[in-house]
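Undergrad: Residues or ranges marked as domain 'Deacetylase sirtuin-type' by TrEMBL: 1-271. Taken from TrEMBL, the feature NAD(+) binding site applies to 27-31, 37-39, 109-112, 205-206, 229-231, C251. Taken from TrEMBL, the feature active site, proton acceptor applies to H129. Per TrEMBL, Zn(2+) binding site is recorded for C137, C140, C164, C167.
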Amino acid sequence: MSQLEKKLKPIVDAINKGKKVTFFNGAGISTGAGIPDFRSPETGLYANLAKLNLPFAEAVFDIDFFEDNPKPFYTLAEELYPGKYAPTKFHYLIKLLQDQDSLLRVYTQNIDTLERLAGVEDDYIVEAHGSFARNHCIKCHREMDNETLKKHMHDETKDGIPTCETCQGYVKPDIVFFGEGLPGRFFQQWDEDCDDVEIALVAGTSLTVYPFASLPASLGKKSLRVLINKEKVGDFSDNYRKSDIVILEDCELFAEQLSSMLGLRDELEALVEQSKSKFGTGKHISPETTVDEIEEKLKVEAHLHEKKEDDDITELTEKTEKIGLTEETSFNNKEKEEKAKARAEAKEKAKIEKLEEIANTYL
Ligand code: OAD
């Protein structure tokens, strides 16, 4: 048994006994998807914001700074806007635990919505730092829908900054900025869950931003606490609790190994495989564009398919003429009509399947 397997064994045993997992996620679970975390020294977002000319790195998410100058946030938002990245193995592990009724809750600091895209249901997710799902004017609080927000973000006459159509105040996605309170649901849900946490998986977070960072430390002694991170963080650093399990590994490796030991590895790999055809790699898949893109793709595919069949028919007609058969005897119209009908039905079916797939992802 490898060192990692030895560390994972108590977690596997607890899950197999019916104990439920609560996740405490940070940006490190999404680096495998290609999204930088915030504080890693060279690759983290805050180390790479020089081009935004900020007085201090975290100003990009600071509400007072945003009120004066929203441009740096919107420059970054272009990169971070959900839809560009596919979930990782770690995200799919959470979904598999949900499906086998081994999940209590997912507390996440991430605004990338990858837990949702992996298929974790709304009720299980607490987005502690909000998300891009809704947007409001910071002055009059009027809501702006996502489509209008994106139009404004791409409008050069507005310098890419969404402004309220009522009062001209700046509009901001409902991401929790420094200087703002966390969503009410965070506190209510924690109140409900805190005594029920059996297995706490704290993953990919530096545990530096409060109040989220205080959750693992506030757990009672009966919770099995596990840290999966590249470095020791929070009160895991001082070996505070003997029962803690500290796994200083990549989140993806952890997801592979734990899923293997739970007998879920094939399902995990199948989800990752499906994810490739669903999301592609590094391609925008926001709900609005996806439907259009898929319609367009289907049109191109249908055109190519039809062109090939027409070419085949021409070739076949030429051949039959060459050997002296009439078109009617070799390739009659009824057959042609049936083929066209079957093709139209297949096309419609493929379109409906794709649209259902999107609906399942986003509803
Ligand atoms: P940080 O960037 O502060 O911490 C990420 C942690 O994940 C670091 O300890 C990394 O070493 C570790 N890590 C990175 N990649 C990993 C991998 N593949 N496997 C294992 N560990 C890995 O990110 P958060 O703790 O999420 O706020 O940051 C908290 C908040 O600070 C964010 O929610 C954000 C930011 O300001 C808002 O967006 C409002």
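Every residue, even glycine, has its Cβ placed from backbone N, Cα and C.
Tell me about the surroundings of these features in the structure.
TA: All protein chains included, K230 (NAD(+) binding site) registers 15 other Cβ atoms within 10 Å of its own Cβ.
H129 (active site, proton acceptor) carries neither a helix nor a strand DSSP state and counts as coil.
Its own atom aside, the Cβ of C164 (Zn(2+) binding site) has 20 Cβ atoms within 10 angstroms in the protein chains shown. Secondary structure at C164 (Zn(2+) binding site), as computed by DSSP, is coil.
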Undergrad: Can you list which of these recorded positions (A27, F38, H129, C164, C167) have a Cβ closer than 6 Å to ligand 1?
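TA: Listed by sequence, the hits are A27, F38, H129.
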Undergrad: If H, G and I count as helix, E and B as strand, and all else as coil, what does DSSP give for N110 (NAD(+) binding site)?
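TA: In the DSSP reduction, N110 (NAD(+) binding site) maps to coil.
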Undergrad: Long-range same-chain neighbours of T205 (NAD(+) binding site), Cβ under 8 Å, sequence gap at least 6?
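TA: Same-chain residues close to T205 (NAD(+) binding site) (Cβ under 8 Å, separated by 6 or more) are F24, N25, G26, A27, G28, Q109, F212, A213, N229, V233.
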Undergrad: Measure from the CA atom of C140 (Zn(2+) binding site) to the CA atom of H129 (active site, proton acceptor) and give the result in Å, rounded to a whole number.
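TA: With the alpha carbons as reference points, the distance is 21 Å.
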Undergrad: Quick one: of the binding-site residues S30, F38, N110, K230, which has its CA closest to the CA of C167 (Zn(2+) binding site)?
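TA: Minimum Cα distance from C167 (Zn(2+) binding site) across S30, F38, N110, K230 lands on N110.
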Undergrad: By CA-CA distance, flag whichever of C137, C140, C164 among the binding-site residues is nearest to K230 (NAD(+) binding site).
TA: C137
Undergrad: Name them in sequence order: residues not among C137, C140, C164, C167 whose Cβ is within 8 Å of the mean position of the Cβ atoms defining the Zn(2+) site.
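TA: For the Zn(2+) site, the extra neighbours are I138, K139, H141, R142, E165, T166, Q168, G169, V171.
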